[in-house]
Amino acid sequence: GGTSCDVLFYFPGLGCGTLAVLEQNEAGIVLLRSFDWNDGLFDVTWSENNEHVLITSSGDGSLQIWDTAKTKGPLQVYKEHAQEAYSVDWSQTRGEQLVVSGSWDQTAKLWDPAVGKSLCTFKGHEGVIYSTIWSPHIPGCFASASGDQTLRVWDVKAPGVKLVIPAHQAEILSCDWCKYDENLLVTGAVDCSLKGWDLRNIRQPVFILLGHTYAIRRVKFSPFHATLLASCSYDFTVRFWDFSKPNPLLETVEHHTEFTCGLDLSLHNRGQV
């Protein structure tokens, strides 16, 4: 029923966080390197211009830049957010080296990894920010999903929010951009639903996907199929959807025995998640 979705998902960073860098080879998945941080790590993004570099965001409000070729701690630490830095993403469009972070302090921040401090701060959300994702198509454009029940779209070249979508009547934990349609985004929320949004007409969603029984923690569009997406939830499942089909739920995978908090789809191997 409706109330079953109201699970608690505040996990303050208990003790330390570890960044594990894994490699897949003939032997299976092996640990290449691991790095420790003195607070929980909530999100991670690979650099788009250096295969050895990644950025994490953590419970102490800081971002860390790591180099997998080096064994010691982070190359750089950016500490500006006043609360948990819950989301971090490296820009997808060519010619830009920009990183966006989202925090429980209700702000998003823009970073150039070569510069020691944030380039600007985006204010407007009235709740914690759970997800900040760059558009794969439009340079300098990112979306954010928040506990204030809105999805917002921002342009780094303009102050203030570009678009506010009251997407759910519940906290929104995740959002993603379609890789094949620059106007299409998906949101996943505590109300257990996924909703698709066309930025040209935000009065109602273009699709609603129902099936999860607890809050949806992460949603991702497929890199290979325009209408395919994957989601994971506090109901322990991963679900695959095709929103173009009359029965959109393709598959429910129940191999986890705990909250399923994150997922991503391989850019190189069509079948790998």
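Even glycines carry a Cβ here, placed using N, Cα and C.
Note that TrEMBL annotation is computational and uncurated.
Quick look at what TrEMBL annotates:
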{"type": "REPEAT", "residues": "44-67", "note": "repeat 'WD'"}
{"type": "REPEAT", "residues": "78-112", "note": "repeat 'WD'"}
{"type": "REPEAT", "residues": "122-157", "note": "repeat 'WD'"}
{"type": "REPEAT", "residues": "165-201", "note": "repeat 'WD'"}
{"type": "REPEAT", "residues": "209-251", "note": "repeat 'WD'"}
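If you look at the repeat 'WD' (122-157), the same-chain residues 6 or more away from its ends with a CB under 8 A from one of its CBs are 83-84, 86-93, 95-96, 98, 100-110, 163-177, 179, 182, 185, 187, 189, 197, 199. Among the recorded stretches 44-67, 78-112, 165-201, the one sharing the largest number of Cβ pairs closer than 8 Å with the repeat 'WD' (209-251) is 165-201.
With a cut-off of 8 Å between Cβ atoms, the residues of this chain six or more beyond the repeat 'WD' (78-112) that come close are 12-13, 42-49, 55-65, 118-123, 125-140, 142, 144, 146, 154, 156. Taking H, G and I as helix, E and B as strand and the rest as coil, DSSP gives the repeat 'WD' (78-112) the counts 0 helix, 17 strand, 18 coil. Residue counts for the repeat 'WD' (209-251) under DSSP, split into helix (H, G, I), strand (E, B) and coil, are 0 helix, 21 strand, 22 coil. Taken through DSSP, the repeat 'WD' (122-157) splits into 0 helix, 18 strand, 18 coil.
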